[in-house]
Amino acid sequence: MLLSFLPLLPLATAALTYRGADISSLLIEEDAGIAYKNLNGQTQALESILADNGVNSIRQRLWVNPSDGSYDLDYNLKLAKRAKAAGMSVYLDLHYSDTWADPSHQTTPAGWSTDDIGTLAWQVYNYTKEVCDTFAANDIALEMVSIGNEIRNGLLWPLGATDSYPNIARLLHSGAWGVKDSALATTPQILLHLDNGWDWAAQKYFYDTVLAAGSELTSADFDLIGVSYYPFYNADATLSALKTSLGNLASAYGKKVLVVETNWPVACPNPEYQFPADLADIPFSVDGQSTFLRRLGEVVAGTDGGAGVYYWEPAWTKNAGLGSSCQDNLLVDYNTDQVRASISALGGI
């Protein structure tokens, strides 16, 4: 057979390794009486709806000692068991706080040291190991663990603020080894997560500084780089800029890269910031969500080392704007609790 005479067939686009959703609020939503419906209008557990539509990984946030128990360890064990039962992997996002951790808030948990870095580093190590050991004791495998959430401005303030990158490095090293030394049969991949994934200069500054010669944090301490990518906070947050940043991150630091938080609105009548120019043709609609997710998936899949995309809180019907100036960023209709057709786009990227 002369293979040269065979017609050239188009290559199928490979799906991303991780097509995920952060559904941390699920148990709270259900306690409030929300019952989700699938695309056929039938009531079904949210994790099963997601799995049926191609989503294969669940991200969930863990707070140390929240005042009302929301997102604590017991909460996360319950949620993770459901994700695993639905056939999905679990990505645990350690906030190292009793509440939200992000670029504007990195409050050290109550009872943890705020004046001695050695003590705090041990607390980070012991807490992280205890969390992972508890998952192991419950026979729940973890696919990946993020040591900190959106830590561009550091973590565990004040000791882990950006006026002391050696402290940041020490805390991250301690967290990483809490995972590595745990009783989990298979060590989860360890992820570092910054916001503004489109901003290569900010990403480069953080990683170059925290990994500087002599740093306690080394490249061997972590496996993955994750970024948040929200198009409604900055006109400079173009897909083109994200593509450049992801490619540079993967090549400069030798890590797989993921977009671990993202959204697109179905309604945004009065955006606080201008949307990026290369997304201006995408409507604020269910079809627009699908288009955005496909384009984003193409950018990540087209990056050497691009591994996945996670949609942040697609079903939080009590918080449809998800902290943005847009009215509704959900993949679920908050009037009917039925998933939108764009859920299939997330599972298909």
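Backbone N, Cα and C atoms are what each Cβ position is placed from, and that goes for glycine too.
Taken from Swiss-Prot as is:
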SIGNAL    1-15  signal peptide
CARBOHYD  ASN126  N-linked glycosylation site
ACT_SITE  GLU150  active site, proton donor
ACT_SITE  GLU261  active site, nucleophile
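Projection of Swiss-Prot feature records onto the structure.
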| residue | record | DSSP (3 states) |
| --- | --- | --- |
| ASN126 | N-linked glycosylation site | helix |
| GLU150 | active site, proton donor | coil |
| GLU261 | active site, nucleophile | strand |
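Separating the Cα atoms of the residue listed as 'active site, proton donor' and ASN126 (N-linked glycosylation site) is a whole-number distance of 22 Å. All protein chains shown were included, and the count of other CB atoms within 10 Å of the CB of the residue listed as 'active site, proton donor' stands at 25. For ASN126 (N-linked glycosylation site), the same-chain residues that are 6 or more apart in sequence and have a Cβ closer than 8 Å to its Cβ are GLY178. Annotation for GLU261 (active site, nucleophile): same-chain Cβ neighbours under 8 Å, separated by at least 6 residues, are ASP22, SER228, TYR229, TYR230, TYR310, TRP312.
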